[in-house]
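A.B. asks: One structure, as structure tokens, below. Some questions next.
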Amino acid sequence: MSVPLPVTTATYPAGVKPISERKFPKTICMFDVDGTLSLARQQAKPEMFATLAKLREHCAVAFVGGSDLNKILEQVRSLELFDFGFAENGLVAYKLGQPLAAASFIKHVGEEEYKKMVNWILRYLSEVDVPVKRGTFIEFRNGMINVSPIGRNASIQERIDFEKFDKVHGIRADMVTKMEQEFVHLGLTFAIGGQISFDIFPQGWDKTYSLRHIEPEGFDTIHFFGDKTFKGGNDYEIFSDPKVTGHTVTSPEDTMRQLDELFLTVA
Ligand code: M1P
């Protein structure tokens, strides 16, 4: 389902203090989406929205997801609930609801090389056996492409089943290893971030890309919360960036618990 982009304002929404008037004006908390703010592809719970609203009284708040903006907005409802919104790792970026400069995967890779890659992927997937196949095996985005061996039209249950199957059979890991060899000359990163797919983007266009947008803002403390912070996970690079204080979470509930400990119960 596609969500229309919200009507945005360049200023703070009613009732939200400017960052400079918050308790920690030089601090920003950045959140991965799937598994951190909400369950994969599901909307965040009301308790999470309440926690983020409280946190926003203390510091600046941002999401930084691998998915495209439409999908993220299904999960986090509105850009207005965040000071910064980073979709596709920050290749698509918003500050107070207003778009910042975006980066283009196709311009970077080039049409010819991209065509070769699509043909390779379609050939490879035609020979991969998985329990079910649905539709949309390659999703073309602004700053990356996303490849799914069962297809992005899988239902929630089909996603859960594939994730379990993939843990045993390593379908995505094998495909990533082969693509890394085949397309080494393109300097790409292949990141398994969700349940049914992996993302492909130029090296350096991981979630650390979003830091380029906040560097000019002068924050001296950058917290990042994510669940895929292990090497190979799509939160790893930003989690381990020297400018960032990384926090590994195990679920949205764990995110709320850690925020309570770090900020919200502090007098
Ligand atoms: O945000 C994590 C990932 O979420 C989705 O993954 P999947 O559909 O496999 O669960 C995708 O949007 C992916 O791009 C993103 O990295």
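Here, residue 1 is simply the first one shown, and the rest follow in order.
Using N, Cα and C of the backbone, Cβ positions are placed for all residues, glycine too.
Unlike curated entries, TrEMBL annotations are predicted automatically.
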A.B. asks: Record says Asp32, Asp34, Phe239, Asp241 bind Mg(2+). Source is TrEMBL. Which of Asp227, Asp254 does it list for that same site?
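C.D. replies: Candidate in the recorded Mg(2+) site: Asp227.
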A.B. asks: Spatially, which candidate from the binding-site residues Asp32, Asp34, Asp227, Phe239, Asp241 is nearest to Ser197 (alpha-D-mannose 1-phosphate binding site), comparing Cα atoms?
C.D. replies: Asp34
A.B. asks: About how far apart, in whole Å, are the alpha carbons (Cα) of Asp227 (Mg(2+) binding site) and Asp199 (alpha-D-mannose 1-phosphate binding site)?
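C.D. replies: Here the two Cα atoms lie 16 Å apart.
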A.B. asks: Could you find out if DSSP has Arg159 (alpha-D-mannose 1-phosphate binding site) as helix, strand or coil?
C.D. replies: helix
A.B. asks: On a C-alpha basis, identify the one among Asp32, Asp34, Phe239, Asp241 that is nearest to Arg152 (alpha-D-mannose 1-phosphate binding site); the candidates are the binding-site residues.
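C.D. replies: Checked the binding-site residues Asp32, Asp34, Phe239, Asp241; minimum Cα distance to Arg152 (alpha-D-mannose 1-phosphate binding site) goes to Asp34.
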A.B. asks: Enumerate in sequence order the binding-site residues Arg141, Asp227, Phe239, Asp241 whose Cβ-atom distance to ligand 1 is under 6 angstroms.
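C.D. replies: None, by Cβ distance under 6 Å.
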A.B. asks: Under DSSP, is Asp199 (alpha-D-mannose 1-phosphate binding site) helix, strand or coil?
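C.D. replies: The three-state answer is strand.
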